[in-house]
Structure formats: structure tokens, C-alpha cells
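**Q** The domain 'MgtC/SapB/SrpB/YhiD N-terminal' feature in TrEMBL is assigned to 13-138. Residues annotated as transmembrane segment in TrEMBL: 41-59, 71-89, 95-116, 121-139.
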Amino acid sequence: MVPDPTLIMFGKLLLAAFLGALIGTERAVVAKQAAGSRTFALVSLGACIFTLAGIYADAQYLGYVNFDPMRIAAAIVMGVGFIGGGVMFQRGDGVHGITTAAGLWVAAALGVLIAFGMYPLAIFAAALTVSIFFGLWYVEHRFKEWYHDSVEEE
């Protein structure tokens with residue numbers, strides 16, 4: 001029995017939104033950023049929608065019109081760059097929001113991966129992103145504490 005293509009697309013959209021929300025939760029809860037689980041879910045979902053549209057338009061109009069799903073993926077990267085620029089800001093001598101912008105970029109990539117059916121890679125990338133958000137945050141803070149303690153001793 002051949003699975004219904006519409007149900008497969010719905011599943012891809014659900015997975016994209018779920019993985020985007022998963023990595024965005026850390027930004028909302030731990031980092032207390034404005035771009036949280038809803039924003040990340042929408043970026044991942046939107047990237048998946050655009051990519052699916054390109055894939056299925058290419059299949060539907062094969063031979064009539066030249067569609068290239070990878071050009072759609074390139075346009076997604078540019079669009080997410082615009083959104084990412086909106087979450088970065090300068091305060092004092094530092095720039096804030098860079099990690100959130102990078103996370104939005106990854107969320108878009110997850111949506112593209114899912115649209116192309118690369119589920120294991122998308123799930124692994126989402127898990128790796130969450131571990132980077134949580135794990136490296138811990139390592140950075142421990143290193144800063146160690147560094148400040150060693151500077152004070154001198």
C-alpha cells in the first residue's frame with residue numbers, strides 16, 4: 001500500500017514545527033530571549049513549507065517549468081538572515097542575540113532537511129543544537145568563573 005502523499009506532507013510539517021519548538025524552548029526559558037519556541041517553530045515550519053512547495057511544484061510541472069528546490073533553500077537562508085538580524089542588538093560594548101540568530105538559522109535548516117525527507121539527520125541536528133545550547137552554556141559559565149577566580153588571585 002502506497003502512503004498518501006498529503007499525509008506524508010502533514011507529518012513533515014508537524015515534525016518541522018516540533019523540532020523547531022524544541023530548540024526554541026531553551027531560548028525562551030533559559031536564555032530568556034524574545035525569539036522562543038513559537039518563533040523557532042514557525043521558522044522551521046516556514047522553511048519546510050517553502051521547500052515542499054518547490055519539491056512538489058517541480059514534480060508536478062516537470063518538463064514545463066524549471067523549478068529548483070535548492071534555489072528555494074538558498075532564498076530561505078537569506079530570509080532567515082533578515083529575521084536573525086532583527087534579533088541581534090548592541091548593548092554597551094557587547095552584541096546580544098547572536099546565538100538566537102544562529103539558532104533560527106539552524107531551525108530553518110531543519111525545516112529544509114525534513115522537507116527533503118532527511119529525518120535522521122534533522123533529528124540528530126536538533127538534538128545536537130539543544131545540547132549546544134544547554135551544554136556549552138554550562139561550559140562557558142564554568143570557564144568564566146574559573147577565569148575570573150584565577151585573575152583575582154594574581
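For all residues, glycine too, the Cβ spot is worked out from N, Cα and C.
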**Q** DSSP on the domain 'MgtC/SapB/SrpB/YhiD N-terminal' (13-138): how many residues come out helix, how many strand, how many coil?
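**A** Tallied per class, the domain 'MgtC/SapB/SrpB/YhiD N-terminal' (13-138) gives 98 helix, 6 strand, 22 coil.
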**Q** Quick test of the contact rule: Cβ under 8 Å, at least six residues beyond the ends. What residues does that give for the transmembrane segment (41-59)?
**A** 9, 12-13, 16-21, 24, 65, 67-69, 71-73, 75-76, 80, 83, 104, 107-112, 114-116
**Q** Over the domain 'MgtC/SapB/SrpB/YhiD N-terminal' (13-138), what does the predicted model average in pLDDT?
**A** 90
